[in-house]
Amino acid sequence: MGFGDLKSPAGLQVLNDYLADKSYIEGYVPSQADVAVFEAVSGPPPADLCHALRWYNHIKSYEKEKASLPGIKKALGTYGPADVEDTTGSGATDSKDDDDIDLFGSDDEEESEEAKRLREERLAQYESKKAKKPALVAKSSILLDVKPWDDETDMVKLEECVRSIQADGLVWGSSKLVPVGYGIKKLQIQCVVEDDKVGTDMLEEQITAFEDYVQSMDVAAFNKI
């Protein structure tokens with residue numbers, strides 16, 4: 001198991017593919033598995049590796065709490081796809097002190113080249129397999145509660161304003177008015193979003209911008225698809 005060399009573009013690509021249908025390295029909450037892989041990555045993945053970049057930024061937000069995240073940090077080779085070998089840090093000997101340098105290391109260099117060739121072959125095979133599979137897009141179904149100011153608010157106009165919000169990765173669904181008391185009704189509206197493109201913060205910001213109609217917005221239900 002592993003991701004190849006996480007300091008290389010090929011290794012980051014493996015990580016990106018692995019996270020295409022996952023929020024975390026293991027399970028459904030941040031854990032020491034995420035910390036171990038995060039620390040092996042030298043910096044933010046490029047923008048075209050959207051799944052890896054999403055995960056990196058999310059785990060980075062736990063920087064102060066990482067020691068308290070659940071689980072036990074294990075070797076990198078215990079995480080990731082089963083058919084990829086971990087090679088991150090295989091070049092760490094470059095940082096040794098001069099006293100530790102093997103002046104007769106030609107055999108090791110030959111072995112290193114052989115290991116590199118095998119690794120590149122395995123990664124090429126893995127990429128070939130992944131290329132044949134359709135990319136999975138992580139989506140969520142969200143139910144929003146949109147509350148008006150009072151019973152005189154034009155709810156038809158309020159819904160028109162909400163549905164006027166358009167974004168790549170956002171699809172509006174069914175809606176209904178739900179009584180909340182004192183003659184006031186709230187708008188309950190369903191939407192499906194692509195997780196990497198649309199978030200609840202963005203929805204709240206744009207919906208509450210219609211301040212003539214909208215008092216507040218809450219997430220009533222959130223489910224991964």
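The backbone N, Cα and C atoms fix where each Cβ goes, and this holds for glycine too.
Owing to the predicted nature of the structure, the values given are computational and were not obtained by experimental measurement.
As annotated by Swiss-Prot, domain 'GST C-terminal' applies to 2-84.
According to Swiss-Prot, the feature N6-acetyllysine maps to Lys7, an assignment based on similarity to another entry. In the three-state DSSP scheme, Lys7 (N6-acetyllysine) is classed as coil.
Taken from Swiss-Prot, the feature phosphothreonine covers Thr88 (among others), and the record attributes it to similarity to another entry.
Positions annotated as phosphothreonine by Swiss-Prot, on the basis of similarity to another entry: Thr93 (among others).
Under the DSSP three-state reduction, Lys147 (SUMO2 cross-link) is assigned to strand. Per Swiss-Prot, the feature SUMO2 cross-link maps to Lys147.
In this structure, the CA atom of Lys147 (SUMO2 cross-link) is 48 Å away from the CA atom of Lys7 (N6-acetyllysine).
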